[in-house]
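Asker: Structure incoming, see below.
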Amino acid sequence: MKRCLEVWKMGTVNYVEALKLQEKLASDRKALIITDTLLSLQHPPTYTVGKRETVRNLLIPDSELKSMGAELHYTQRGGDITFHGPHQAIIYPIISLRDIGLGARKYVEKLELTMIELASLYGVKAQAGQKCETGVWVEHRKIGAIGVRISSGITSHGLAFNMDPDLNYFKHIIPCGIVDKDVTSLKKEADVELPAEEVIQEQLITCFVKTFGYNNVSLKDYYADT
């Protein structure tokens, strides 16, 4: 069976711009205007809060965020507060779960497996979190975050995998609302020298394609068409 995926490699994109694009693509996917789509990108320093609005897990005032050059945004994804920033590999799948026969839990598990597979390429043993611990972990250190939105069977938002972000940003929040846990990165955990970030981001796409069983993948030049 032919399973198509269009991949958009977008570089660094402002969070609000990416959010508006996801909303449009999700609407188009629901209307069968487009096929399943995967956005691959990075963000400038940004804190996001999920639909539960647990802003209490932000440990500094808004004024300090501005002085750090970071933004705060409220979203409709699941999950708690998290950080997005440079040197993080982010993918946002806009896909129809009904078309590929997945429920919400299985979808999240496959996102976890995507990051676990990526970490394993560098000899890093990662695993899904324990009960109430979302994302992917190396022992008790979080290396990848997941926050998704599913509306009418169409997904948006997605995952963020820490390649080599400035981990000091995570000190200003209780990441995903889980206390007494550290955040880590592939750079810290791997015993090998990492390739260019573009290579790791490409590997993340490959792991996603493999995990979700796509067999017809095309690339879109986002900036050439905007």
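Keep in mind that glycine also has a Cβ here, set from the backbone N, Cα and C atoms.
Bear in mind that TrEMBL entries carry predicted annotations, made automatically and left uncurated.
Because the structure is a prediction, the values reported are computed rather than measured.
According to TrEMBL, the protein has these features:
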ACT_SITE  Cys176  active site, acyl-thioester intermediate
BINDING   Arg77, Gly78, Gly79, Asp80, Ile81, Thr82, Phe83, His84, Ala145, Ile146, Gly147, Gly158, Leu159, Ala160  substrate binding site
DOMAIN    32-216  domain 'BPL/LPL catalytic'
SITE      Lys142  site 'Lowers pKa of active site Cys'
Asker: How big is the Cα-to-Cα gap, in Å, between Phe83 (substrate binding site) and Lys142 (site 'Lowers pKa of active site Cys')?
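Answerer: Here the two Cα atoms lie 12 Å apart.
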Asker: Given the recorded positions Arg77, Lys142, which one is most crowded in terms of C-beta atoms within 10 angstroms?
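Answerer: Buried the deepest by this measure is Lys142.
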Asker: Over the domain 'BPL/LPL catalytic' (32-216), work out the mean pLDDT and round it to an integer.
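Answerer: Taking every residue of the domain 'BPL/LPL catalytic' (32-216) together, the mean pLDDT is 88.
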Asker: Can you count the other CB atoms that lie within 10 A of the CB of Gly147 (substrate binding site)?
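Answerer: Other Cβ atoms within 10 Å of Gly147 (substrate binding site): 25.
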